[in-house]
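Remarks on the structure that follows.
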Amino acid sequence: MKPTLPNYDQSSVLIVGDVMLDRYWGGPTSRISPEAPVPVVKVEKIEERPGGAANVAMNIAALGGDAHLVGLVGEDEPAQALTTTLESLKVHCDFVALPEFPTITKLRVMSRGQQLIRLDFEDSFHDVAAEPIISRMQQALSSVKAVVLSDYAKGALEHVQLMIQEARKVNVPVFIDPKGADFERYRGATLLTPNMLEFETVVGKVKDEDDLVAKGQQIIEEFDFEALLVTRSEHGMTLLRRNMEPLHLPTQAREVFDVTGAGDTVISVLAASVSTGKPLDEACALANAAAGVVVGKLGTSTLSTIELAEAIHGSQDSGFGIIGEEQLISAVKQARARGEKVVMTNGCFDILHAGHVSYLNHAAELGDRLIVAVNTNESVQRLKGPGRPINPTDRRMAVLAGLGAVDWVVPFSEDTPQRLISQVLPSLLVKGGDYAIEDIAGGAEVIAAGGEVKVLNFEDGCSTTGIIEAIKGGRG
């Protein structure tokens with residue numbers, strides 16, 4: 001299955017669960033302490049990242065979705081740091097502050113890409129009354145299209161059955177990242193996302209895929225779930241639904257540096273996708289692609305819609321399609337080694353029309369490979385003003401990547417692609433319109449490197465602005 005990217009601006013998700021603050025202290029180490037046989041780390045870098053349910057919310061917000069987060073914190077400095085970080089990322093925080101408990105904090109000491117030690121500051125929340133967290137959930141349910149319950153067994157989901165019932169009353173789907181072997185407490189949820197270890201803790205050792213499917217269907221029936229998404233590490237994921245064939249999704253991970261927070265990414269992309277109207281199977285395929293990206297990063301990480309678009313368009317494997325700058329530079333080097341002529345152009349391409357297609361076909365005919373550099377949303381807004389772009393970056397790139405004339409699509413955030421072009425240095429740089437060669441961004445750098453710059457004509461009568469004005473005027 002090759003899913004299409006939804007418009008995550010339309011997603012709205014309530015996340016309830018165990019929030020925590022992940023702190024990273026990092027630096028070089030070159031000696032052993034004289035006090036004990038341990039390395040001495042000279043701390044040069046300190047990072048703070050939301051973890052647990054907060055990481056789920058951060059992932060949804062990073063995609064452009066509306067994330068409303070409810071959880072338990074202390075009245076302390078880590079709670080303030082967590083709230084400040086999340087709100088800067090446009091996550092709406094509605095925490096229950098309990099002065100008798102510390103905010104859950106995990107401090108990791110890192111050196112040379114390795115974790116040397118983890119220090120946990122926590123006292124799991126217990127015997128907390130249901131009313132404060134349930135009332136916050138009730139207030140948020142009217143404005144969301146999906147609920148995620150993120151369970152790290154730290155106490156925030158002590159009243160999880162009440163939470164499931166509240167969501168079911170208003171027909172909002174409930175997705176749960178479970179913890180422990182007691183699936184009874186999650187009875188009635190829409191979908192659970194156990195990893196293989198968690199799944200086998202409940203059902204026993206799984207012999208093969210047929211056994212996994214059979215035992216999974218038993219779990220669905222026994223606990224009144226609608227579905228299970230079993231994450232299986234290097235074997236990918238398996239989606240099991242009531243009275244439907246299983247869907248096995250192979251892993252898309254290329255390199256695994258750190259699985260921290262990968263489960264959070266899976267459930268966040270899954271819930272955000274369903275909340276935009278995506279069917280469950282397509283949402284799971286998107287979550288699988290997202291997991292393949294984040295395990296290649298260190299620590300709890302988010303991903304952008306551009307990274308997700310790259311993953312689902314297969315650019316990492318095929319070498320073509322939507323691609324990042326570093327990958328593009330590598331791909332161009334390989335193309336040159338094959339003796340191929342690389343052509344590059346750029347633009348906003350907000351509403352792709354016949355004039356664009358004609359222009360890109362012409363550009364592609366001038367060489368063997370065509371790169372299209374695309375202005376990001378912020379760049380378009382600065383150039384075109386309020387109300388633009390009509391289509392977000394990921395969608396504009398997806399449409400361009402689907403054209404037969406285009407080999408690579410890459411985003412840039414500056415007002416001009418001069419820096420990007422000077423890094424790529426194509427054999428031929430082309431631009432549409434009535435530009436003078438000397439006024440084309442990146443042209444001087446391409447010519448200095450021995451390349452060419454050309455201006456191509458646009459097809460008369462075709463323009464994005466004209467299309468927008470025609471729509472406003474009601475003309476067909």
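Each residue, glycine too, has its Cβ placed from N, Cα and C.
Cβ neighbours within 10 Å of D264 (active site), excluding its own Cβ and spanning all shown chains: 32. The active site annotation in Swiss-Prot covers D264, and the record cites sequence analysis as its basis.
Secondary structure at L197 (ATP binding site), as computed by DSSP, is helix. Among the features that Swiss-Prot reports, ATP binding site is placed at N195, M196, L197, E198.
Summarising the annotation, Swiss-Prot assigns region 'Ribokinase' to 1-319.
Taken from Swiss-Prot, the feature region 'Cytidylyltransferase' covers 344-476. Across the region 'Cytidylyltransferase' (344-476), DSSP helix (H, G, I), strand (E, B) and coil residues number 55 helix, 26 strand, 52 coil.
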| query | Tell me which residues of the chain lie with their Cβ under 8 angstroms from that of L197 (ATP binding site), as long as they are six or more apart in sequence? | reply | none
| Under a criterion of Cβ-Cβ distance under 8 Å and sequence separation of at least 6, what residues of the same chain contact N195 (ATP binding site)? | V230, T231, R232, S233, G263
| field | Number of other Cβ atoms within 10 Å of the Cβ of M196 (ATP binding site) across all protein chains | value | 16
| task | Translate the DSSP assignment of D264 (active site) into the three-state scheme. | result | helix
| said: Using the alpha carbons only, what distance in Å do you get between E198 (ATP binding site) and D264 (active site) once rounded? | reply: 15
| said: Just to confirm my parser: what is the rounded mean pLDDT across the region 'Cytidylyltransferase' (344-476)? | reply: 86
